[in-house]
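If you check TrEMBL, you get these features:
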type	residues	note
DOMAIN	54-247	domain 'Cation efflux protein transmembrane'
DOMAIN	251-328	domain 'Cation efflux protein cytoplasmic'
REGION	1-40	region 'Disordered'
TRANSMEM	52-71	transmembrane segment
TRANSMEM	83-100	transmembrane segment
TRANSMEM	120-142	transmembrane segment
TRANSMEM	154-176	transmembrane segment
TRANSMEM	196-213	transmembrane segment
TRANSMEM	219-239	transmembrane segment
Amino acid sequence: MPDGEVCGEVRNNGGVSNPETCPDCDQEPSSADPLLETAVPRHRPPKDLSKYAWLSMGAAVATIVLKVVAWRLSGSVGLLSDAAESLVNLVAAIVALIALKLSITPPNERFNYGRSKAEYFSAITEGVLIFLAAAAILYSGVKRFIHPQPLDNVGVSLLVSAVASVLNGAVAWVLLTRGRKEHSATLTADGKHLLTDVWTSVSVIVGVGLVWVSKWDRFDALVAIAVGVNILVTGYKLIASSGAALMDVSLPEEDRRQIEGFMRGYCGAEVKFHAIRTREAGYRRFVDFHMLVPGEWTVRHGHDVMEDLIDAMLAKWPDLRVMGHLEPADDPRSYEDLDV
């Protein structure tokens, strides 16, 4: 490029008028670039799912009240353990609300890829809270087993607890359905936690009912201990899955197989792929690949084929973020990254 000329513009008195990006300078693209002005974003904006966290919080408050009433009426340590888990649900819902709000904030200079992984911190926090609740439940259960006490007002207490379980079950179904649809780790974790709470409540109701029928008071303590062990397992699974996601675990095997099969079937025999990698971060799922094309193809033709492929992938999987790298198939250097 001739001295004094910047991207087709002539430097006058040291000034530059609307420089355009080119290989010979470091100037930013002009805001008047018609291609930039007419470009349509490929990806849909993230959805604000915080209303589901508010739903979870409301359900948690309602079930805490109901289960505390059931515990106070009966004196059952099993029902107390059930109420303690609902308290954890409330704290987890508050953490989920913060994570969901944070995860949809747009990328900036410090967080170039956004904050969608904030959801996994929420899920890990929920797992830790589950562990703490389990420890408290196990302590209460062992203590009650050593010092058994008769139960009061069992029939009314079980009815109140059953109402709380139905409420939790309905909210869990909503959270799981929406969480899977939106690939939200936070909603899915919260839904699984509530569903665990439902099964816990059912077990407690059955156990306390058996105490009522058999008159063996220590059975109430055994129910509480069983609930505590079950909650420990749930917390471990939640922490393990979220920890794997923080370390960029690949998409599920079935999803990867479908994506790779679609790519190879779409482009035909002339085009090959390698270094296909996947990961997920909250509601975002990422795929990147290297596409090998005949060396005689023009850059324009290869680019068109790859962009058509990406458009087809996004039409089938709208939540994907796809990045492709074009390489000539007849260049040995194109195969140096087969182990990526």
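From the backbone N, Cα and C atoms, a Cβ is placed for every residue, glycine too.
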Under 8 Å between C-beta atoms and at least six residues away from its ends: which parts of the chain pack against the transmembrane segment (219-239)?
76-78, 80-82, 85, 123-124, 126-131, 133-135, 137-138, 140-145, 148, 151, 189, 192-193, 196, 199-200, 203-204, 207-208, 210-211
Same chain only, please: residues at least 6 beyond the ends of the transmembrane segment (196-213) with a C-beta under 8 Å from a C-beta of the stretch. Say none if there are none.
63, 67, 74, 76, 78-79, 81-82, 85-86, 89, 151, 154-155, 157-158, 161-162, 164-165, 168-169, 172, 219-220, 222-224, 226-227, 230-231, 234
Quick check: do the transmembrane segment (52-71) and the transmembrane segment (154-176) share at least 3 Cβ pairs under 8 Å, counting only pairs 6+ apart in sequence?
yes
Distal contacts, the transmembrane segment (120-142) - CB-CB under 8 A, six or more residues away:
77-78, 80-81, 84-85, 87-88, 91-92, 95-96, 98-100, 185-186, 189-190, 193, 221-225, 227-229, 231-232, 234-236, 238-239, 241-243, 245-246, 282
What is the three-state DSSP composition of the domain 'Cation efflux protein cytoplasmic' (251-328), stated as helix, strand and coil residue counts?
33 helix, 29 strand, 16 coil
